[in-house]
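S.K.: The structure follows.
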Amino acid sequence: MPSDFFLQPLDGGPRVPVGPGQTVIGRGPLLGITDKRVSRRHAILEVVDSQLRIKPIHRNPCFYQSSEKSQHSPMETQVWSQLHPGDSFSLLLDKYAFRVFSAESEVEMECTLRNSQMLDEDDILSEMQKSPVVNLPDKTTGASQLQGSPEITKTKCPTIDPMSSSGECRAFSEHQPRPTQRKRILPAWMLAESLSDQSLSTPAEGGDKDVIQRSGKAGTCEDRTPGNTSWHGKKRLSPSGNSKSVSAEQDPGKKCRKADQEGPGVSSENVPESSSSNIVKDPDVDIVKTNKQKDGILIEELGEVSKHKAATKPTTNEEGESCARVQSKSPPEKSQGCHPESSSAPSSPDALHTDTADPVLGCSEESKVRRTACMYGANCYRRNPLHFQHFSHPGDSDYGEVHGTDEGVIGDRPECPYGASCYRKNPQHKMEYRHSALPARVALDEDDDDVGQPSDDEDEEDYEPTDEDSDWHPGKDDEEQEDVDELLKEAKSSLHLKH
């Protein structure tokens, strides 16, 4: 039989149905209360004639609150009190409050909710029917404005100057697609550089001599064709009106470093005077600069290879001859590194330092300190480059020369106590100790009876016998010998008696 009443906890939780008849409520699983202040038999609920009533049976009172009042009032014990739908009661003053619901009240509440929802929907529909009449002009005007805005953007944005940056133009330009081609605007420092290039290119009208002198000061290469070098500088003068441009056609491996360092000087001659006010021709300057950077990288790599070859060439005679050979086989700039006073415009200090240091390294290879031999030899498993710099291994030119003989080792070392007869095979031991042959001992005379006595070259005063220090007594040895003989005789006699 379905229950007519339900208890809804105000603190949250599932509803508790109240069956017909009496129901004891309190601490337990029915209401989910575990507080010790609530008794297991705290009150009794009873359903009589479709009405619910409560009777407190514990000394701690229960509290009642009607749907019309906002305060809890204590109920008398052992007295029945009616509970109507919507009323609430609590087992304690501040906790465990429950509200009473009935099935009929639930149906009535659902009906009222449906009615209220229907009324709300009717109100909304009536408002919606009235609102289009009032709001249609606004919507139509808004739509017309939205439709007209693309036309405004199309008509207004192209007419606005691109240099003027205003907030309205930016807002309209966001809707407009970006053009495929855009005019390039160079920064101020590039414009200043182009003007300086033009000012440098104007004195080129004086003649070919001025151009050649200026290119020499700027660091361009002159025509040099030595027998053993592969450096070729080609110059070509192209007369064009009032000005003459000098263009150096050089391969990536045949371009001098000075021309790369003095980039503005060369670019000033390549830029004609007609490009004084045009900004469109400025990308050519960028192309020239990128080509120069690529050529400079290749030149530096080739320069390092040539320096390495020049530094590693063997020197057969004196240091002066080897330096002269390095100068003759190196490019012209390398010879300028050996003799800086001969060059009119030296290059950067770093390049000059490296050029002057490489021949010195090549000349000083003869006086290189030999490395010590590794104690592990061919069985060495180390791969550290520093280890190979300090120690030599089998296959190296200086391996085996350090510890092969004791005479070739430089430095003072202690003498091995075993000398030449040392049986140790550790090369580290041979490097740390000398193994020279011990001097032959002086042969003693066969007729010499003074064995164990001090030699003649020592002082006789140190070995003079004295009565005080001597422990020798003449009579003691004879007495000891007699005692030994007596003991032997006694032993023999005892043996004969036993047999």
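The backbone N, Cα and C atoms fix where each Cβ goes, glycine too.
Sharing the record's features from Swiss-Prot:
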type	residues	note
DOMAIN	1-108	domain 'FHA-like'
MOD_RES	Ser116	phosphoserine
REGION	134-183	region 'Disordered'
MOD_RES	Ser149	phosphoserine
REGION	197-292	region 'Disordered'
COMPBIAS	251-261	compositional bias 'Basic and acidic residues'
COMPBIAS	281-292	compositional bias 'Basic and acidic residues'
REGION	305-358	region 'Disordered'
BINDING	Arg371, Tyr376, Tyr381, Arg382, Tyr418, Tyr423, Arg424	glycoprotein binding site
ZN_FING	372-393	zinc finger
REGION	401-411	region 'Flexible linker'
ZN_FING	414-435	zinc finger
REGION	440-499	region 'Disordered'
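Map these features onto the structure and tell me what's around them.
M.R.: Computed over the domain 'FHA-like' (1-108), the whole-number mean pLDDT of the model equals 84.
Tyr376 (glycoprotein binding site) carries neither a helix nor a strand DSSP state and counts as coil. Sequence-distant neighbours of Tyr376 (glycoprotein binding site) (same chain, 6+ residues apart, CB-CB distance under 8 A): none.
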S.K.: Please identify which of Arg371, Arg382, Arg424 has the densest Cβ environment, defined as other Cβ atoms within 10 Å, among these binding-site residues.
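M.R.: Result for the most crowded candidate: Arg371.
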S.K.: For a quick check of packing: other C-beta atoms within 10 Å of the C-beta of Tyr423 (glycoprotein binding site), how many?
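M.R.: So the number of other Cβ atoms within 10 Å of Tyr423 (glycoprotein binding site) is 5.
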S.K.: For Tyr381 (glycoprotein binding site), just count the other CB atoms lying within 10 A of its CB, please.
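M.R.: So the Cβ neighbour count for Tyr381 (glycoprotein binding site) comes to 5.
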